[in-house]
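Okay, so here's the structure we're looking at.
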Amino acid sequence: MQSNLGTLLVNSPIEQRKAEHLKLCLQGDVNHQEITTGFEKYRFRHCALPELDFAEIDLRVEFLGWRLAAPLLISSMTGGTPQAGEINRRLARVAQQKGIVMGVGSQRVLLEHPEVATTFAIRREAPTIPLLANLGAVQLNYGCGVSECQKIVDLLEANALILHLNPLQEAVQTGGDRNFKGLLTKIGVLCRALPVPVIVKEVGNGISAEVAKQLVDVGVAAIDVAGAGGTSWAKVEAARAQDASQRYLGDAFAEWGIPTAHCLEQVHTALPDTPLIASGGLKDGIDVAKALALGAGLAGLARPFLQAAHQSEEALAQRIDLLLEELKTVLFCTGSATPQALYQRRCLERI
């Protein structure tokens, strides 16, 4: 069974692409260099007398009705290959242990190669936490309808479906799917038809307030701004490209996008009641705290957790523990007893 799967993965273009994406995200120099997340432009106002017991700081939050031990999401990144399957299982076990949310990488491959379903089959590893299914929104224009979306939700036993918007990646990717016409209407149909919430995210170029409002108006339950400042998928596709002109195209757009902090601030101002996820270049608990103070309900990290999980399950657990300790320290040193208090106390200042 395993050898047959390996042969399929080698011979399948979509699986070859998945393997290349995973390798580059683990080992490649694919981060934005010139554009930053924008979080460095903010600083917390220190509270010398917090009037708190550090041991009593409570990181628990609710998001979309889910009760979580901390406001943290292991963001969508991988799936569809044996290596990705093992990484997903490690991510799921640690997410379950920590009581946080986990998203998987795009499940489009399941619709073309159902035999790779085991690489996404992680509910056994994570029986009680929210799991997020994932599909490129553009696939709604390439044969994926409500039934296909329901199928990938069911296969993961997911609590929500993420639709990712990646126009730049598709534009610079060799053979990318570039027809984004009419997607908003189809997203609305999907939101009304599925029994689970639909979350829409970018992949590292950001969602503007205008686009976020359009999405919420058709029924999207939450927005993951997924801004610029972390992984540049234009760089990833440039590194993969075999054709020189395609490589140049990817490199030309390597620094394209809206910084994560700017997205978050603008979207929250326009849609103060919409649940928001902040992802895109967050690196530590201080960035997570800044995202929460700017209005996010959850903070998502992908590449840092992916790299730790590739090393070992223990390395991943330690990475998350450190991040949560950093977050607690920010709460303590701002006099905030809970993550919600970071926002309520208005203790983040632009510098």
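Note: Cβ is positioned from N, Cα and C throughout, glycine not excepted.
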Among Thr174, Thr231, Thr334 - the residue Swiss-Prot places in the same FMN site as Ser75, Ser76, Met77, Thr78, Ser106, Asn134, Lys201, Gly281, Leu282, Lys283, Ala302, Arg303: Thr231
Among Ser75, Met77, Arg108, Lys201 [binding-site residues], residue with fewest other Cβ within 10 Å: Arg108
Listed binding-site residues (Ser106, Gln107, Gln169), ranked by Cβ neighbours within 10 Å, top entry: Gln107
Between Lys283 (FMN binding site) and Gln107 (substrate binding site), the C-alpha gap once rounded to whole angstrom: 26
Nearest-integer angstrom distance between the alpha carbons (Cα) of Glu170 (Mg(2+) binding site) and Ser75 (FMN binding site): 20
Distance, Arg303 (FMN binding site) to Ser106 (substrate binding site) (CA atoms, angstrom): 15
Secondary-structure category, per DSSP, in which Lys201 (FMN binding site) falls: strand
Densest Cβ neighbourhood among Lys283, Arg303 (binding-site residues), 10 Å radius: Arg303
